[in-house]
Amino acid sequence: VELDVKLIEGLVVKAGTTVRLPAIMRGVPVPTAKWVTDDIEIKTEGRHKIETDNYSTVLTIKDCVRKDTGEYLLTVSNSAGSKTVALHLTVLDVPGPPTGPINILEVTPEHMVISWRPPKDDGGSPIINYIVEKRQSKKETWGGEPRELAETVLAKDILSPPEVNLDVTCRDLITVRVGQTIRITGKVKGRPDPEITWSKDGKVLVQEKRVEIAHDLPNVELQVKEAKRSDHGKYIIAAKNSCGHAQAFAIVNVLDRPGPCQNLKISYVTKDSCMILSGVLTVKAGDPIRIEAGFVLTKSRRSDGGKYVITASNTAGSFVAYATVIVLDKPGPVRNLKVTDISKKCESKRMVWSTYSSSVLTNYANVTRLIEGNEYIFRVRAENKMGTGPPTETQPIIAKTKYDRPGRPDPPEVTRVNKEEMTVVWNPPEYDGGKSITGYILEKKEKRSLRWVPVTKTAIPERTVKATGLQEGTEYEFRVIALNKAGPGKPSAPSKAVYARDPQCKLKVSDIFYVISKYFCTTFNPPGPPAFPKVVDSTRNSISLSWSKPAYDGGSPIIGYLVEAKRVDTDNWVRCNLPKNLQATRFVVTGLIEDTEYQFRVYAVNKIGYSDPSDVPDTHTTSSQLTLIPSYVVKM
């Protein structure tokens with residue numbers, strides 16, 4: 001979401017103004033927008049209007065009033081997640097009425113003393129003065145003559161009691177290590193300036209070697225340098241002036257290495273041994289656990305750690321003691337080892353295990369300097385102060401780009417031929433490598449030659465091209481290579497060899513009687529467009545089309561039809577029937593996007609090529625998404 005910085009800092013307008021709050025939004029799939037203020041969703045009604053398209057959303061508020069002041073939350077969301085931004089609006093207006101009732105404090109024959117409270121709403125701007133009017137009860141008009149004060153007025157400070165506010169970082173527990181500096185900061189207000197004191201455990205803190213106090217009102221700061229463990233506790237700041245006093249406190253914790261054990265006890269004394277009780281026994285995995293009570297557990301394991309309860313009993317009574325055991329061991333194997341975001345890198349090939357890093361602190365690593373196309377296995381081991389755990393290995397994986405190169409197209413076809421040029425057409429490969437085809441390379445060679453040469457100097461965006469500069473009487477073959485962002489795919493098989501020469505009459509055995517009956521040679525052409533295309537049925541997720549055979553088949557039988565569709569808001573025509581041509585004159589286009597307008601067109605196909613398109617009249621709307629696979633139609 002992109003906003004004008006003025007909307008984030010806060011927009012200030014006068015009452016009666018029309019306000020527009022625009023925002024640019026981006027996301028895949030196209031996100032939706034939701035406007036909220038005071039926990040209530042805003043809809044298009046009354047003075048509010050929301051206009052949203054695929055790239056932006058605008059909230060318009062007409063004739064702003066004071067109650068429109070506040071924070072407006074815009075939430076943009078799609079299936080990938082959501083983001084919320086805040087916009088601030090302040091509407092300025094005249095102040096509201098002073099808060100009543102008006103109190104009459106003093107009455108004399110010549111004057112009255114009255115008082116009132118400030119208005120509940122200052123109109124968004126501080127009150128600068130009041131206007132007092134009077135009228136006689138028998139009159140209907142109000143008036144107010146300016147008067148001078150009868151006495152002089154002494155100019156003096158406005159008094160206010162102290163206010164103490166610690167910074168947000170100091171309001172919770174402050175934790176530092178031994179040797180670091182304790183910093184407590186905040187702000188103190190009050191008139192006159194308050195007297196400030198800092199204290200800890202009932203003792204007032206003063207400036208000294210380790211303690212530094214800075215008061216630059218309203219900012220205050222206490223620093224305790226080279227913190228000790230004894231510096232932990234509750235620090236209190238107190239502020240006092242002639243109007244009152246206030247205080248705040250911060251809790252400080254100072255971390256240090258543990259002190260010596262306390263409450264050591266000696267028991268079970270014999271002539272050559274005794275037992276010292278102190279809260280915990282730590283051993284390395286594999287070492288024996290010896291508890292001085294006649295108990296030994298050999299070859300300890302991690303699972304042997306815990307709290308052991310020892311009870312000793314005799315005829316005089318019983319005694320219970322506890323021993324806490326911690327068994328240290330190497331870490332176990334790592335879990336859920338995965339390889340993601342594969343890309344090609346470069347390095348000399350390695351045939352043995354090599355350490356990429358022995359100091360990875362996170363649970364992920366970006367392994368670089370790989371060789372594209374090489375197969376790798378990765379393994380990870382966890383390490384602690386006891387040593388290195390067993391490795392966890394990945395399955396073999398090939399270093400490559402995220403996408404494959406496209407597959408091999410079918411052999412291209414030569415459609416129109418003369419002695420100097422040939423028109424070559426082809427279909428896209430069945431597999432595009434996971435990335436859209438960006439173009440094609442068409443190559444040619446003489447039939448008896450082994451050397452393929454490109455027909456054009458640059459990639460061909462369409463699936464048809466005219467190969468020129470041919471030598472009359474020479475037999476040529478063609479092959480095509482598909483391209484995507486990963487690179488060129490494998491070339492197709494060669495086309496049928498074709499001589500570069502002007503066309504001659506070609507007759508099949510089945511056409512002999514037809515030729516004789518017409519007494520001349522037929523010239524073959526692409527067919528005419530299909531007749532009367534129309535929509536015959538529609539559901540919420542499909543549209544059914546029908547058409548009639550073309551009036552002219554181009555001298556060659558119709559071998560099928562091709563249907564294309566496109567959304568009205570795009571220029572990209574997409575083939576609907578894949579991979580073969582239709583044999584019937586009816587087709588159902590399924591899986592369309594709900595509430596989206598589409599256009600359709602139909603081509604007829606014979607052995608010579610494709611007809612001109614026949615457009616289905618008007619646009620049509622349906623529901624559900626159509627996964628449209630890009631395709632191109634070759635017009636002959």
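Placement of Cβ uses the backbone N, Cα and C atoms for every residue, glycine included.
Heads up, TrEMBL stuff is auto-annotated, nobody curated it.
The domain 'Fibronectin type-III' annotation in TrEMBL covers 97-193 (among others). Per DSSP, the secondary structure of the domain 'Fibronectin type-III' (97-193) breaks down as 3 helix, 38 strand, 56 coil.
What TrEMBL records for 162-253 is domain 'Ig-like'.
Annotation source TrEMBL lists domain 'Fibronectin type-III' at 304-404 (among others). Confidence annotation: the domain 'Fibronectin type-III' (304-404) carries a mean pLDDT of 78 in the model.
Look at TrEMBL and you will find 408-503 (among others) tagged as domain 'Fibronectin type-III'.
What TrEMBL lists as domain 'Fibronectin type-III' is 529-625 (among others).
Here the domain 'Fibronectin type-III' (408-503) lies next to the domain 'Fibronectin type-III' (529-625) in space: the count of CB pairs under 8 Å, restricted to residues six or more apart, reaches at least 3. Helix, strand and coil residue tallies for the domain 'Fibronectin type-III' (304-404), in that order: 1 helix, 33 strand, 67 coil [DSSP].
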